[in-house]
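What Swiss-Prot says about this one:
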- K165: active site, proton acceptor (ACT_SITE)
- H284: active site, proton acceptor (ACT_SITE)
- N113, T163, K167, R285, H317, S369: substrate binding site (BINDING)
- K191, D193, E194: Mg(2+) binding site (BINDING)
- K4: N6,N6,N6-trimethyllysine (MOD_RES)
- K191: N6-carboxylysine (MOD_RES)
- K324: site 'Transition state stabilizer' (SITE)
Amino acid sequence: VGFKAGVKDYKLTYYTPDYETKDTDILAAFRVTPQPGVPPEEAGAAVAAESSTGTWTTVWTDGLTSLDRYKGRCYHIEPVAGEEDQYIAYVAYPLDLFEEGSVTNMFTSIVGNVFGFKALRALRLEDLRIPTAYVKTFQGPPHGIQVERDKLNKYGRPLLGCTIKPKLGLSAKNYGRAVYECLRGGLDFTKDDENVNSQPFMRWRDRFLFCAEALYKAQAETGEIKGHYLNATAGTCEEMMKRAVFARELGVPIVMHDYLTGGFTANTTLAHYCRDNGLLLHIHRAMHAVIDRQKNHGIHFRVLAKALRMSGGDHIHAGTVVGKLEGERDITLGFVDLLRDDFIQKDRSRGIYFTQDWVSMPGVLPVASGGIHVWHMPALTEIFGDDSVLQFGGGTLGHPWGNAPGAVANRVALEACVKARNEGRDLAREGNEIIREACKWSPELAAACEVWKEIKFEFKAVDTLD
């Protein structure tokens, strides 16, 4: 008898506890904090509805499609232990709701509208299960871990980097000089800071030229392949691509992008160009803490990390566990595995809500960066293992004798840790001793150890598992 107008509870349509999830569904785990008086089933169903086919009232055009085929479903709700009135709502989305190969569209659907929803006090997307059918529509990282090692001819150890400081204010020539000294001293990479784009004191083209000169000179002197992450991030996609093309013409191995401020569409565009043209792509996560730091609202970084692997990047900053920036060990290692490994089992103790199969999509190297120095080297080597990039900005440039000795100190410390580990020593217990022994052979390392012997950044992590 026609359609029934009016408002009805979301849970009547979108809460389906008997639903068996399909292998092709995108699964989401939301941390839901309902407004007082809103039952969790209604809150979970509201999230499923508003992030898929639903709207606030019944509409007659519902009759022109098959809601059962296209609607999101809240299929399970569980209370969060130790939190009052907070729940994990599991939502399944049919694959047809999403455009192939578009992280942009995936996020617009899943987190686009629902976070401002009145029935919720707060909402956080904790994890996503990306089905293999959807993974296969993405190129993913331009090259991945193995191809990067082959390009650089560097095996069996973490890679070493350094962010050039002061991040703003240097002229292009002085900037290039700092790059040369770091690379000559033994680092594999130097890095543009995330906010170095093309400012009045240093235009991008000048920086690219001087940095290329620096890395070729350092390569000739050391016999090692060197790189500098040239930041191609720009105000328009066209300008970004112009910078990437110039980097390729210079013959440098790697460019860089700020993927959250630049946006997923720009990032995926750049990643495709990088694969087609043999450039590695370093990703900085500037702005991530705005989205991921609050425990009960936003998007957890593990979701942003998965999204980056799909969109494309060969390196991404992933916290340090030991430095000045946020990151708890188990949670950090959880998303480090999601970045690097091909198959990751569900493991709630590390914050992993779903088993994820990447079906041979290349992996991403996690970058540890922020407030770290030579005394942290044993812990970093143990925590992150070989497939990582360890980046020391102040920990290189703050060396009392200058940049090149700072780079020497870091390289000696790293080689000492890798050697000790390969000999079967326990880096966690004997770390300080290993560094002290290496100081005997390296005055540069001894000087670095003097400067930073007491520094620790110790505050409790804001975002913990409980």
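The backbone N, Cα and C atoms fix where each Cβ goes, and this holds for glycine too.
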Listed recorded positions among K4, N113, T163, R285, S369 whose Cα sits within 10 Å of K191 (Mg(2+) binding site): T163
In sequence order, the recorded positions (K4, K165, D193, E194) whose C-alpha falls within 10 A of R285 (substrate binding site): E194
Local Cβ density at N113 (substrate binding site) - other Cβ atoms counted within 10 Å: 12
Recorded positions near K167 (substrate binding site) (Cα-Cα within 10 Å), from K4, D193, E194: D193, E194
K165 (active site, proton acceptor) as reference: those recorded positions from K4, N113, H284, H317 with C-alpha within 10 Å of it: none
Helix, strand or coil at H317 (substrate binding site) [DSSP, three-state]: strand
For H284 (active site, proton acceptor), the three-state class that DSSP assigns: strand
Least buried by Cβ count (within 10 Å) of the recorded positions K4, H284, H317: K4
